[in-house]
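Here is the structure we will look at, set down as structure tokens.
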Amino acid sequence: NNYCKIKCRSGIHTLCKYGTSTKPNCGRSVVKASGLTKAEKLEILKQHNEFRQKVARGLETRGNPGPQPPAKSMNTLVWNDELAQIAQVWASQCKYGHDNCRNTAKYLVGQNIAEQSTTAASFEPVSNMVKMWSDEVKDYQYGSSKNKLNDVGHYTQMVWAKTKEIGCGNIKYIENGWHHHYLVCNYGPAGNIGNEPIYEKK
């Protein structure tokens with residue numbers, strides 16, 4: 001397993017630790033679905049690119065304060081199956097949180113995660129979860145050192161101009177009567193790097 005050779009700041013690579021199988025490892029929870037449908041993949045990609053374009057064009061009015069300035073340039077994201085597999089293996093462990101090491105031979109990999117739980121007899125759609133990330137823009141001040149990653153880090157990764165690829169995984173399971181939907185998206189190259197701006201202002 002070549003993933004065991006990939007170096008990260010801490011920990012063992014997710015695919016070295018758990019292998020390449022995306023089989024759910026959720027203890028006594030009842031797994032209802034593991035892995036995104038084609039429609040869910042397309043929805044995630046569409047939502048990301050539409051939002052990136054909105055911000056890049058200077059059409060995002062929200063912020064602290066808004067509006068967000070237009071961007072000089074911003075890549076259009078494409079789906080990457082390797083990033084998606086790493087995300088799916090992690091999601092399949094049913095452990096909410098970031099994994100330690102998910103880089104590929106090509107680049108450092110960033111990550112957004114979301115979990116929605118409901119007592120209703122259905123699972124939250126992926127679109128609601130991605131919207132939670134983009135809605136963090138309301139707390140973001142462009143170019144300020146006061147932004148806290150805990151509050152806006154999902155938004156900043158979503159619109160990180162230099163990121164080119166995305167791949168996601170998910171799991172839907174029932175535990176103690178609650179319907180949990182856990183979504184993991186991996187991004188390459190990673191955003192939220194040091195003091196770099198999320199994008200260059202136009």
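Just so it is clear, glycine is given a Cβ too, placed from its N, Cα and C backbone atoms.
Per Swiss-Prot, disulfide bond is recorded for CYS4-CYS16, CYS8-CYS101, CYS26-CYS94, CYS168-CYS185. What Swiss-Prot lists as phosphotyrosine is TYR107. Swiss-Prot lists LYS138 with the feature glycation site, giving similarity to another entry as the kind of evidence.
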Rounded to the nearest Å - Cα separation of the residue listed as 'glycation site' and CYS185 (disulfide bond): 21
Separation of alpha carbons, TYR107 (phosphotyrosine) and CYS8 (disulfide bond) (Å): 11
Rounded Cα separation (Å) that holds between CYS94 (disulfide bond) and CYS168 (disulfide bond): 15
The one of CYS4, CYS8, CYS16, CYS26, CYS101 whose CB sees the fewest other CB atoms within 10 Å, among these disulfide-bonded residues: CYS4
Sparsest-packed among the disulfide-bonded residues, when each Cβ's other Cβ atoms within 10 Å are tallied, from CYS94, CYS168, CYS185: CYS94
For the residue listed as 'phosphotyrosine', the number of other Cβ atoms found within 10 Å of its own Cβ: 16
